[in-house]
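Copied over from TrEMBL, here are the features:
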DOMAIN    1-156  domain 'Interferon-related developmental regulator N-terminal'
DOMAIN    201-242  domain 'Interferon-related developmental regulator N-terminal'
DOMAIN    287-340  domain 'Interferon-related developmental regulator C-terminal'
Amino acid sequence: AFSSKTLSEFLLERRLMLTDSLEKCLKKGKGEEQALAGTVLTLLCLQMGSGPEGEEVFRSLKPLLVSVLTDSTASPGARQSCATALGMCCYIAAADLEDLVSCLSCLEGIFSPPSAGEGGSAPTQHGPLHCSALQSWSLLLTICPPSHIKSVLDNRWLKLPPLLSSSMIPQPCPGNGGREQCLEPRPLQTSLVFWQEDLCHQDTEFLRAQLKVLATESNKYRAKTDRRKQRSIFRDILRFIESGEYQEETIRFGLECMYLDSWARQRTYQAFKEVLGSGIRHHLQNNELLREIFGLGPPLVLDAAALKASKVSRFEKHLYNSAAFKARTKARSRVRDKRADVL
């Protein structure tokens with residue numbers, strides 16, 4: 001219900017009761033209950049927005065999120081859910097820089113590689129947890145002031161490339177029913193925020209060499225679709241680092257559309273999409289918080305006549321699909337025809 005509807009007014013009257021219930025789940029619950037509490041808390045903050053109410057919910061439950069996340073004896077699924085919740089709730093409701101810096105530091109402590117004496121690579125058994133912590137960390141970087149990003153770049157830059165050579169094998173993420181793999185390409189989007197802010201690091205040759213290898217990797221222990229996705233993402237990253245080119249993406253919802261024209265904007269959209277699932281389009285249309293974040297203005301108010309006029313009839317769809325099919329068949333036939341071969 002939280003992901004598919006906008007219920008802010010309904011929830012404002014009940015936020016204290018919900019906060020108390022979530023606090024009990026995080027304190028006394030085990031495993032799955034704590035994981036679900038983290039997910040519900042993220043959606044609750046998304047519904048509350050960035051006002052005083054959302055800030056109050058985040059401030060009251062932040063210590064519990066940090067406690068579960070840093071507890072090595074807690075369930076990996078619960079820790080993963082709390083990593084996502086901490087990043088999302090801080091992004092939405094954190095009121096000052098102190099909260100932002102403390103959350104960044106906590107998340108970094110999860111994915112930072114061990115010291116050189118311990119092997120220098122992340123342990124395999126916590127791959128999904130590391131992915132969630134990295135994704136939340138990179139999301140928070142998109143709202144950091146430039147001065148703090150410079151500090152992160154100077155002090156933590158060298159911690160990122162070792163994760164690319166980590167021995168972590170992709171595993172199904174518990175939060176999405178095992179449909180999507182926790183892949184290594186995602187963490188590299190964090191470093192691209194630095195380039196996006198014109199704070200390019202001088203020593204990038206070692207990173208480029210790693211990216212070129214990963215952009216052409218063909219290890220058989222990964223599924224074909226996963227290898228294809230990895231190569232595609234790393235090619236895009238390498239192209240951006242070398243030439244500054246970013247492939248713009250268009251997201252359509254209802255009668256509107258928005259453009260993802262930077263890595264930071266894409267990371268933000270992906271974070272909300274992972275939390276809301278299929279409800280992302282409804283929230284882009286109606287949730288004031290998301291519309292403010294993406295600069296979409298107030299929600300559109302359309303009457304029945306306008307909605308009806310915007311819909312394409314089934315016959316028009318059929319004509320369009322037929323024409324597209326015919327054009328595609330002609331184009332492919334020319335390529336397949338032996339007479340089209342050029343010696």
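Placement of Cβ uses the backbone N, Cα and C atoms for every residue, glycine included.
Curation plays no part in TrEMBL annotations; they are all automatic predictions.
Note that the coordinates shown come from a computational prediction; the quantities given were computed from them, not determined experimentally.
Shown for the domain 'Interferon-related developmental regulator N-terminal' (201-242): DSSP residue counts in helix, strand and coil, namely 29 helix, 0 strand, 13 coil. Taken together, the residues in the domain 'Interferon-related developmental regulator C-terminal' (287-340) have a mean pLDDT of 77 on the 0 to 100 scale.
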